[in-house]
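The transmembrane segment annotation in TrEMBL covers 15-36, 67-87, 94-114, 126-145, 152-174, 180-201, 213-233, 253-274, 281-298, 304-325, 346-364, 394-415. For 26-417, the entry in TrEMBL reads domain 'Ammonium transporter AmtB-like'.
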Amino acid sequence: MAGSSRRAGGRRLQLPLLCLVLQGATAILFAVFVRYNHETDAALWPWGNHSNADNEFYFRYPSFQDVHTMIFVGFGFLMAFLQRYGFSSVAFTFLLAAFALQWSTLVQGFLHTFHSGHIHIGMESMINADFCAGAVLISFGAILGKTGPAQLLLMALLEVVLFGLNEFVLLSLLGVKDAGGSMTIHTFGAYFGLVLSRVIYRPQLEKSKHRRSSVYHSDLFAMIGTIFLWIFWPSFNSALTPLGDGQHRTALNTYYSLSASTLSTFALSALVGAAERLDMVHVQNAALAGGVVVGTSAEMMLTPFGALVAGFLAGTVSTLGFKFFTPILESKFKIQDTCGVHNLHGMPGVLGALLGVLVAGLATRDAYGEGLGSVFPLVAEGQRTATSQALHQLFGLFVTLIFASVGGGLGGLLLRLSCLDSPPDSQCYEDQIYWEVPEEHADAAQGPLRPEEPDTQA
């Protein structure tokens with residue numbers, strides 16, 4: 001009992017102390033380094049001789065609202081499918097995103113908008129911070145239910161830094177185009193989480209296997225997340241593309257790719273589902289793969305036909321991944337992917353990066369006209385050929401996989417520290433270990449929690 005009391009006391013202190021330390025340190029860094037940019041500063045804005053209607057706020061804020069909703073509502077409810085982990089899925093998403101957007105403002109600011117000794121922030125930095133939070137939440141999906149909130153905050157602390165570095169290498173040093181983040185967000189977040197999941201592999205997780213399933217109402221909550229993500233994904237991919245035809249084209253390509261992935265998901269799910277019935281897991285996830293697969297190429301001249309083909313292929317691959325590959329990941333590779341992020345973000349992200357390689361290699365001035373400069377400025381300026389740009393795109397995918405794999409390994413080692421509290425194998429995927437859950441919602445068939453049970457994590 002003494003050991004149980006000490007464990008409970010440690011759990012009680014770890015999260016509040018970590019939240020206070022991280023928020024305090026972030027606030028100090030904001031006070032020293034962060035300033036409004038010229039679009040936001042009351043003293044600087046009039047100097048540009050612009051009308052108020054020209055302020056970037058009016059062009060970017062609608063897209064920001066959509067992206068913000070995806071991060072906090074879409075991701076949160078998508079992960080609420082676990083029957084006894086709904087509080088944690090939604091609330092830990094809230095916690096992680098709230099921290100990640102602050103921390104990423106600093107990390108990305110130092111890399112992209114640091115001048116005259118300060119980080120200058122505006123609408124673009126807000127959107128970029130949400131993108132980074134999205135990558136962190138993708139990784140969270142791979143280890144959902146197996147880690148405590150303090151561990152998750154430390155994962156975010158590390159991942160945000162590596163996300164920023166990977167993004168800087170790809171976009172600023174290599175000149176890679178990745179408007180919707182097939183590489184920088186989806187591929188990075190998925191494989192960071194998968195490698196991390198492998199490092200913290202729990203051979204005795206069968207003790208909690210009965211909690212990994214869904215119930216009728218939890219799947220309905222997850223579908224809320226799916227619908228929010230599906231509706232707003234065109235804004236996600238187009239939020240930071242150049243205003244005008246590039247943003248218009250990105251939204252359009254994403255729109256049709258999502259519709260095609262939805263149809264392929266329903267078709268494949270009916271074919272491979274148990275007893276030839278549709279599987280809600282497939283619909284909740286694979287229908288979204290169309291948004292992932294065109295993340296890199298959506299601002300390019302993919303064509304509406306190409307968007308439909310890409311979306312249909314992504315939905316097919318994702319559905320088959322849930323049916324056949326997820327069990328192999330756990331049994332053969334010892335990767336316990338709770339949310340199937342490999343199927344929704346990993347494989348479609350890699351396919352999206354390869355599609356970007358193909359479309360970049362086919363870029364010509366005849367196809368793009370004067371718009372070539374906004375999509376591929378280095379090609380338009382004669383510094384690169386289309387083939388060279390395609391090779392840079394391919395190398396960007398390789399760099400992302402390296403950053404994600406090494407980062408996930410480091411993150412796994414960090415989360416395995418004995419001083420960090422994690423749920424015992426027998427209590428994973430369980431809200432009651434962290435939350436006050438009303439008795440009428442507790443599953444009486446599971447019996448009371450046994451906090452004194454030793455953790456058998458490897």
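Every residue, even glycine, has its Cβ placed from backbone N, Cα and C.
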_I need to check the long-range neighbours of the transmembrane segment (67-87): which residues 6 or more away from its ends have a CB within less than 8 Å of a CB in the stretch?_
93-94, 97, 127, 130-131, 133-134, 137, 140-141, 144-145, 211-215, 218-219, 221-222, 224-226, 228-229, 232-233, 235-236, 239, 281, 284-285, 338-339, 429-432, 434-435, 437, 443, 446
*Stretch among 152-174, 180-201, 213-233, 346-364 sharing the most Cβ pairs under 8 Å with the transmembrane segment (394-415)*: 180-201
*Other than its close neighbours in sequence, what residues sit by the transmembrane segment (180-201), given a CB gap under 8 Å and a spacing of at least six beyond its ends?*
131, 134-143, 146-147, 155, 159, 162-163, 166-167, 170-171, 236-238, 250, 254, 291-299, 329, 333-337, 341-342, 344-346, 348-350, 352-353, 355-356, 396-397, 400-401, 403-405, 407-409, 411-413, 415-416, 457-458
*Verify whether three or more Cβ pairs under 8 angstroms connect the transmembrane segment (152-174) with the transmembrane segment (94-114), leaving out any pair fewer than 6 apart in sequence.*
yes
*Using a Cβ-Cβ cut-off of under 8 Å, list the residues of the same chain that are 6+ residues beyond the ends of the transmembrane segment (213-233) and lie near it.*
66-67, 69-70, 73-83, 86, 254, 258, 262, 280-281, 283-285, 287-288, 291
_Beyond the flanks of the transmembrane segment (126-145) by 6 or more, those residues with Cβ under 8 Å of it_ = 60, 63-64, 67-68, 70-71, 75, 79, 82, 85, 88-89, 92-93, 96-97, 100-102, 104-105, 107-108, 112, 152, 155-156, 159-160, 163-164, 181, 184-186, 188-190, 192-194, 196-197, 200, 208, 211-212, 236, 239-240, 335, 337-342, 345, 408, 411, 423, 428-430
*So what's the mean pLDDT when you look at the domain 'Ammonium transporter AmtB-like' (26-417)?*
96
